[in-house]
Ligand SMILES: NC(=O)C1=CN([C@@H]2O[C@H](COP(=O)(O)OP(=O)(O)OC[C@H]3O[C@@H](n4cnc5c(N)ncnc54)[C@H](O)[C@@H]3O)[C@@H](O)[C@H]2O)C=CC1
Ligand SMILES: O=c1[nH]c(=O)c2[nH+]cn([C@@H]3O[C@H](COP(=O)(O)O)[C@@H](O)[C@H]3O)c2[nH]1
Ligand SMILES: [K+]
């Protein structure tokens, strides 16, 4: 038989930097159906997840809403640290407290608030069914509820809520199951169902409008106590030991030590510190792109590695500092070394610009992919939508962009001597992609199809093929890349324009 492409060793060990677009995977033999494919993978030495998806610790990508969605999908979100310790811990807590179908941090008012306060909430959040507690906070005694019907025809908007709220309430006890709660909501025909503890204090809320949205998430990532998994980022500064303590108290499952160049004495010290004082929390070190860097961090005790330097969509590190590595080569070399040296998984971070890049990252040995730009611009990413040239967009920016550094109080890049800030990232916009739940499901369905085309039944199989030479690769000439994309049409509709970074 003539040679069927190249094995990875031949392709990647020739000394040239190779990126995802430079190569293509050759198809395998299919003798199984899509449903039998498993996407189970190791995020870290100890944490297994069912979908290889991770969202970047960036302030325009991951706060609690994104992290909740990522965990529901079967991946995990890493809460960024461009905020106060309290804010970051609060975001972690929101994920750990999340219960599908229950609103665990509802907006609450007191009887002394006025109708105007409800109007403001309606304008900001879009809802007006608000539980009223004695002192206007959660975990205080529930005394009423205000809904649209109570206030619609009131001319005097300064009236206190005590005069308009409904006091006859249908409630349920806080330990109730989702299906029982849904049943009560349907039967009572009410818009909201407050859940209270034995003392009558408000614990959470169910909403009728969520009834249809209460999807089942069979792959969701959970801890032993059945709470969603969540990660958080840390810097290598000494003062972040305090941050770590708060994150641990909030229940964080894994921390990412967030640096562009992970092989530093600062990071090694931090890894050792986390492992010594919080052995139950897994540590993802990085970023690294060479085997030598991996060795330093594995020797220090990391449970997983984050791979990528300068490959991110907003990164200018390679241009600015002339250091980094083409992402395909980075993933291949680090994954191979880490597996042989200590069986440590690696996460391919940055440069996932298209759906196909996910399978390419995994095919080079990554156990999961981390994404910033692809997930930015979804409903669940932080920030508001706005219009740019008639297109609905959200802001997306590098964590080392001038803008992000300023927001973070200049804690990075600004040692006492550092009077000049050198940005390593830019600030820009990405198009509205709708809900990350739908986007994530689409990405994962497409990954299942990819694996089937390759004849692989699991991520494990894919890695097996990579290292035993059964997985076959081929370089693509520039014209092969053109041929592989849409070409020579008078016009075309992008099926998923929203997935693209640039509107072409
Ligand atoms: N993946 C990538 O390609 C890149 C990512 N980024 C992102 O930008 C953000 C900032 O990254 P970095 O600039 O690497 O931040 P960093 O805080 O790790 O490093 C900034 C500077 O502070 C120094 N430093 C760190 N810890 C120290 C300590 N304990 N004592 C004294 N000096 C210390 C470092 O050596 C470096 O000069 C991160 O979110 C990172 O993920 C930035 C550039 C590239
Ligand atoms: O050179 C950089 N300057 C920055 O300001 C910056 N901010 C984030 N990152 C890294 O980029 C990853 C996200 O990349 P994508 O948008 O391609 O998914 C992220 O996960 C990070 O690894 C940065 N890199
Ligand atoms: K880049």
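Using the three backbone atoms N, Cα and C, a Cβ is placed for every residue, glycine included.
Copied over from TrEMBL:
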type	residues	note
DOMAIN	102-163	domain 'CBS'
DOMAIN	165-221	domain 'CBS'
BINDING	258, 259, 260, 308, 309, 310	NAD(+) binding site
BINDING	310, 312, 315, 479	K(+) binding site
BINDING	313, 349, 350, 351, 372, 373, 396, 397, 398, 399, 400, 424	IMP binding site
ACT_SITE	315	active site, thioimidate intermediate
ACT_SITE	412	active site, proton acceptor
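Mapped onto this structure are the features recorded in TrEMBL.
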| residue | record | contacts (Cβ under 8 Å, 6+ apart) |
| --- | --- | --- |
| 258 | NAD(+) binding site | 57, 81, 233, 234, 235, 286, 399 |
| 260 | NAD(+) binding site | 287, 309, 317, 400, 424 |
| 310 | NAD(+) binding site | 316, 317, 318, 319, 323, 324, 325, 350 |
| 312 | K(+) binding site | 349, 350, 351, 372, 373, 398, 425 |
| 315 | K(+) binding site | 350, 398, 424, 425 |
| 479 | K(+) binding site | none |
Among 259, 308, 396, 479, the binding-site residues whose C-beta sits under 6 Å from ligand 1: 259, 308
Number of Cβ atoms other than its own within 10 Å, given for residue 259 (NAD(+) binding site): 21
Residue counts (helix, strand, coil, in that order) that DSSP gives for the domain 'CBS' (102-163): 18 helix, 15 strand, 29 coil
Among 308, 396, 400, which are binding-site residues, the residue with the most C-beta atoms within 10 angstroms of its C-beta: 308
In sequence order, those binding-site residues of 259, 308, 315, 350, 396, 398 whose CB lies under 6 Å from ligand 3: 315
Inter-residue C-alpha distance, residue 308 (NAD(+) binding site) and residue 396 (IMP binding site) (nearest angstrom): 18
Residue 315 (K(+) binding site) - helix vs strand vs coil (DSSP): strand
Local Cβ density at residue 350 (IMP binding site) - other Cβ atoms counted within 10 Å: 27
Cα-Cα distance, maximum over 313, 349, 350, 351, 372, 373, 396, 397, 398, 399, 400, 424, record's IMP binders, Å: 16
CB contacts for residue 309 (NAD(+) binding site) [other CB atoms within 10 A, all chains]: 26
Within the domain 'CBS' (165-221), residues counted as helix, strand or coil by DSSP: 17 helix, 15 strand, 25 coil
Cα separation, residue 259 (NAD(+) binding site) to residue 313 (IMP binding site) (Å, whole number): 17
